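Copied from TrEMBL, the annotated features are:
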| type | residues | note |
| --- | --- | --- |
| REGION | 411-433 | region 'Disordered' |
| TRANSMEM | 30-49 | transmembrane segment |
| TRANSMEM | 61-82 | transmembrane segment |
| TRANSMEM | 137-158 | transmembrane segment |
| TRANSMEM | 223-251 | transmembrane segment |
| TRANSMEM | 263-281 | transmembrane segment |
| TRANSMEM | 293-312 | transmembrane segment |
| TRANSMEM | 318-340 | transmembrane segment |
| TRANSMEM | 352-374 | transmembrane segment |
| TRANSMEM | 380-403 | transmembrane segment |
Amino acid sequence: LAQSLFALFASSLAISLVFAIIPLCHNVVVLAVVMAVAGLAMGCIDTISNMQLVKIYQKDSAIFLQALHFFVGFGALLSPLIADPFLSDTNCILSNSTANASSNLPHIRKSLVPHHPGNLSHYDLPMKGMVVTRVSYAFWIMALINLPVPIAVFFLLYKERMVPCFNSSSHPLKSADELAMETRPAEKDDLSTTVQRPHAAGGHDDLFSCCQSKNYRGASYTYFAVHITGALVLFMTDGIVGEYSGFIYSYAVEEPLSVVHKVAGYLPSLFWGFITLGRLISIPVSYRMKPATMVFINVVGVLITFLLLLIFSYSVVFLFVGTASLGLFLSSTFPSMLAYTEDILQYKGCATTVLVTGAGIGEMVLQLLVGSIIHDQGSYSFLVCGMIFGGLAFTFYAFLLFFHRMYPKPSSDMDDASPDKPGVMDDTGQYQR
């Protein structure tokens with residue numbers, strides 16, 4: 001817990017520093033390094049926050065994972081709205097040719113499609129003169145908005161007596177989460193002892209415990225198969241989120257739809273809006289529905305939506321309907337898959353790192369792949385690629401269900417216990433009921 005909290009503190013503080021520094025970068029290499037640091041910090045936050053929720057709440061983690069990813073979608077929806085007032089519709093550099101160039105800016109701003117950058121070469125934009133842009137304020141506002149996060153993490157470290165200089169004056173928080181255990185009071189003492197044990201024993205369950213080879217000795221092939229198939233499902237679904245939000249505007253403005261630029265600009269916002277709405281709806285739904293069922297509904301819904309988008313590919317109205325539907329079905333896939341996979345593996349937290357990494361790689365790789373295919377084959381291939389990725393996600397999920405059935409069941413003493421009883425760790429690092 002201490003290692004995770006310190007990593008969260010450093011990563012969240014780094015994001016605020018990076019956003020404050022970005023407007024001061026006047027060299028593309030320096031900007032690339034700064035953005036790489038931001039990506040590294042965001043990856044740490046994504047992995048650690050998911051992993052710790054799984055470890056703390058265990059059987060109840062699905063609800064809290066849905067809440068976590070609702071705020072992820074909410075931030076993705078809100079941050080462009082914060083930045084938009086500071087984006088200029090005229091040229092950001094004043095010079096003698098500004099008057100002629102400014103008339104081209106609204107069109108340029110709406111036509112920065114990823115696969116046709118060469119189309120903008122005939123616009124004559126001045127590169128020297130007095131800079132009048134206000135976009136720096138957007139970065140500084142985001143840096144200030146993020147600043148309470150490292151402050152809150154530091155406060156938690158202080159309350160847990162993990163700050164070396166302030167380890168005697170504060171009262172620590174409860175060692176086990178009371179919300180997760182309030183319906184099981186008889187087990188609270190056992191879990192409290194278990195959670196405190198790593199501090200006393202000196203690191204049975206540290207941040208890198210999943211990487212130790214001794215944990216893999218004697219593991220069946222289904223143990224690795226569950227990790228791999230779960231990661232592949234998220235590779236596809238998170239990849240669809242990345243490529244759809246990145247290229248839906250480009251697809252809409254080109255033939256055969258030829259949607260006007262201003263209307264097409266609403267599509268990415270609609271997509272992220274319904275992702276956020278879907279994650280909000282999934283919080284109460286996860287109380288009633290198993291994560292495996294939610295993932296099944298999601299992958300089938302994605303597949304059917306892409307099929308209908310292909311059938312009605314000439315309908316602008318259905319493009320908006322399909323975009324909203326796709327956002328709704330993709331919204332809860334990540335947290336539901338995380339909860340389902342960790343449930344299979346008895347909440348050891350190791351699967352979380354594999355799944356988060358698989359999702360991140362998919363979001364990166366599929367955008368590059370789809371961009372190249374659209375450039376070579378045309379805009380219609382955008383929906384074809386989505387259909388293929390949706391079909392692969394469903395196939396990998398079917399394999400995951402198969403390996404779940406093959407995965408060794410818990411021992412008999414675990415079967416006799418209550419099905420809602422969470423797994424806890426004994427002195428050897430093995431999870432028991």
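Backbone N, Cα and C atoms are what each Cβ position is placed from, and that goes for glycine too.
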Inset, instruction - Among 223-251, 263-281, 380-403, point out the range having the most Cβ pairs under 8 angstroms from the transmembrane segment (293-312). - result: 380-403
Legend entry - Cβ contacts the transmembrane segment (263-281)/the transmembrane segment (137-158), at least three under 8 Å, sequence gap 6 or more: no
Legend entry - Interface check, the transmembrane segment (380-403) with the transmembrane segment (137-158), three or more C-beta pairs under 8 A: no
Inset, instruction - Quickly jot the same-chain residues contacting the transmembrane segment (137-158) by Cβ under 8 Å, restricted to those at least six beyond its ends, or write none. - result: 2, 5-6, 8-9, 12-13, 15-20, 22-23, 79, 82-83, 85-87, 166, 170, 173
Legend entry - Surrounding residues of the transmembrane segment (61-82) on its own chain - C-beta under 8 Å, 6+ positions past either end: 49-50, 53-54, 138, 141-142, 145, 269, 272-273, 275-276, 278-280, 282-283, 286-287, 291, 331-332, 334-336, 338-339, 342, 347
